Amino acid sequence: MVENQNNNQNQPRKKSGNKIIATAAIFGVVGGLVGGGVSYYAMDQMNNGQGNGAAQISISSSSSKVSEKSAKNGGTMTAAYNDVKGAVVSVINLKRQSASSGTDSLYNSLFGDDSDSSSSKNGKLETYSEGSGVVYMKSNGKGYIVTNNHVISGSDAVQVLLANGKTVNAKVVGKDSTTDLAVLSIDAKYVTQTAQFGDSKHLEAGQTVIAVGSPLGSEYASTVTQGIISAPARTISTSSGNQQTVIQTDAAINPGNSGGALVNSAGQVIGINSMKLAQSSDGTSVEGMAFAIPSNEVVTIVNELVKKGKITRPQLGVRVIALQGIPEGYRSRLKIKSNLKNGIYIAFVSRNGSAANAGIKSGDVITKVDGKKVEDVASLHSILYSHKVGDTVNVTVNRNGKDVDMKVKLEGN
């Protein structure tokens, strides 16, 4: 099971196959080793890590770009680490703790008593979880940091522990759950070094890489592990139903590494560490399989987040569930034909949305988009995300046992 740190819901076990299922799981105090973030019940004080301040690297542009410099065999990984160590930080997710006990909170939640909501809002900020981040740009008086979305998910405030041991407040510039990326900003006066992105298109299996981050939290900030690129472009399916192309590496990725840097021998960030494979779909324990978001995708997303604060993606304007996820007993109640095995059941159609305007109805089953088979939510997203908002796609639905084709103009999310 590929895991990061986004939620702890158990996924149904599937028989072993070629597909890798990526699930998100918060690494909590009762959790197992699942990947990039470390969560604590409470922490009053952060341990300040030691680090050497590097010469300041100033970037005047308001967006990031991929470097044209390529990795050479003669480069040492020690030199590569020195090129990024001042730019890799610990990201601290802070939440306000309610004054009421866990039992009282549960009772109030179940029976609608929100009298303690104000005490929660005014409660003391405490460390909920930790991850890593990379300072990649200095512009307009701000330092910009890329991290994973799940590292800051649900936070009431965010702090950053710099490589020199100083802790500063950070603001969330933008975040995107689909790619699991987020951008933070801090005052530029605290930035002593920025990392440079390499070109992930030219990666090859067997290349030496290092992972830099804060495994187990800020106590082990600036930890570096070494490995190779196991696969430069591995396609996996995440728990949110999206297909994602990632870099596979055997460099050790531990809780707290999420959002940290995967670095080549030229000292360039070629990926943002995000997930690790804890076990296969049949429950077999797995070692040495971790995944990073390719730098070229990171650059595209962070530039958009800095510019707009969010990522706009095309959608149909429907709520769906894969037929494979509908229990047999419910299929007859939903009037799904017994011979229809694969597809996406439409549970809800947004009023005046693109699908509604095209004539799609609740109860329809999407079987194809642009002639391509749609078997699950991941395949639907994969097709839709290859288009832009405003594009028109041909959607084939099964309605009462008959295929119906409709033209749908994609709307934005």
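A Cβ is built for glycine as well, from the same backbone N, Cα and C atoms used for every other residue.
Here is what Swiss-Prot says about this protein:
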ACT_SITE  H150  active site, charge relay system
ACT_SITE  D180  active site, charge relay system
ACT_SITE  S258  active site, charge relay system
BINDING   G256, N257, S258, L316, G317, V318, R319, V320  substrate binding site
DOMAIN    305-401  domain 'PDZ'
TRANSMEM  20-40  transmembrane segment
Tell me the residue counts in helix, strand and coil for the domain 'PDZ' (305-401), as DSSP assigns them.
26 helix, 28 strand, 43 coil
What is the nearest of the recorded positions N257, S258, L316, V318 to H150 (active site, charge relay system), using the Cα of each?
S258
Rounded Cα separation (Å) that holds between V320 (substrate binding site) and S258 (active site, charge relay system):
30
What whole-number Å value do you get for the CA-CA distance of D180 (active site, charge relay system) and G317 (substrate binding site)?
22
Under 8 Å by Cβ from V318 (substrate binding site), same chain, sequence gap 6 or more:
I346, A347, F348, V349, S350, G353, A355, I360
Going along the chain, which residues six or more apart from R319 (substrate binding site) have their CB under 8 A from its CB?
I346, A347, F348
What average pLDDT is reported by the model for the domain 'PDZ' (305-401)?
91
Select one residue from L316, V320: among these binding-site residues, choose the one with the most other Cβ atoms within 10 Å of its Cβ.
L316
Run through the Cβ atoms and count how many others sit within 10 Å of the one on N257 (substrate binding site).
33
Looking only at Cβ atoms, how many others are within 10 Å of the one on S258 (active site, charge relay system)?
35
Once the chains shown are all counted, how many other Cβ atoms turn up within 10 Å of the Cβ of G256 (substrate binding site)?
31
Neighbour count (Cβ, 10 Å) for H150 (active site, charge relay system):
29
